[in-house]
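A.B. asks: If you look up TrEMBL, you'll see 114 marked as active site, nucleophile. Look at TrEMBL and you will find 118 tagged as active site, proton donor. If you look up TrEMBL, you'll see 322-332 marked as compositional bias 'Basic residues'. The domain 'GH16' feature in TrEMBL is assigned to 28-229. The feature region 'Disordered' is assigned by TrEMBL to 310-342. Feature annotation from TrEMBL assigns signal peptide to 1-29.
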Ligand SMILES: *[C@@H]1O[C@H](CO)[C@@H](O)[C@H](O)[C@H]1NC(C)=O
Ligand SMILES: *[C@@H]1O[C@H](CO)[C@@H](O)[C@H](O)[C@H]1NC(C)=O
């Protein structure tokens, strides 16, 4: 589905590469069951700013000068595949954050787990960028951000964004391209998410950090900012989060998920992931030696890839400019050592 509007940028890849992306997408489309909003979700915040279609299949989240909005899965899941087709707000979106993530911060305030897609708005004419991140057992002082551009305009069409979380690995997908895989390492300890999480979708004003490190703010002249969701997927093991571990009842669900096609990083998917990361990743905590003199244990240092990054974890060429400003994060997280977007 990413093929139709795969709009190459100036530094376009050869068309063969585009073709490969498309073939990969078509040949390996995921097999899952979509659910309506009411079957799996409830309104989280933002009064009238969550709008459902009459059939409950489409959900719209709005941000205006009074409030953002969000929804949450009605259950928490011990492992799972969390996914939606999402269309992001168009035009001027500086200062806006659209987040699609799993978390259990409401239940485990000090020891929460989290897996994030965070889309960062931009001034009109400049593309959306986004980051992925993870926390485990309250590891908020150890951010694991990677930042990227996209190979399409996410405000034009719906694209599928998915998070796979198993006991063994975590995969972030865009359409059928795995863009990041974190393989659990014993040394990560509690930093690897291990407790049941709910799925969240939110839109909110992140003027203090989302765009150029907070230099460009949300402008409500362009409100409301509209984000659309459909074909929601929640495949996992619903559990009561304060039940006693281990969740033995999840054995069947875990093995069902392990056998799904979205759990298999085939050679062609791995190649697509590599191409994506070569072309679109512009910051990685694994190469940010200013911040982490010793890369966290799950980092797989690719020497070729590393050569393209400075010791601040930012690309040496392209995608970044001068500037030293730090950005503050929601929930007092440790900022990346230099804002990669300035
Ligand atoms: C898709 O998944 C369903 C249910 O898990 C299964 O019955 C069906 O055979 C699968 N189809 C394909 C093409 O794998
Ligand atoms: C999670 O953090 C709590 C409090 O800091 C600690 O007691 C516990 O051992 C940690 N669990 C794991 C799995 O690291």
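Yeah, the Cβs are placed from backbone N, Cα and C, and that goes for glycine too.
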A.B. asks: Can you give me the same-chain residues 6 or more apart in sequence from residue 114 (active site, nucleophile) with a CB-CB distance under 8 Å?
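C.D. replies: Listed in sequence order: 101, 102, 103, 104, 105, 133, 134, 135, 193, 197.
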A.B. asks: Kindly state the mean pLDDT of the domain 'GH16' (28-229) in the predicted structure.
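C.D. replies: When the pLDDT values over the domain 'GH16' (28-229) are averaged, the result is 96.
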A.B. asks: Tell me which residues of the chain lie with their Cβ under 8 angstroms from that of residue 118 (active site, proton donor), as long as they are six or more apart in sequence?
C.D. replies: 97, 98, 99, 101, 130, 131, 132, 133
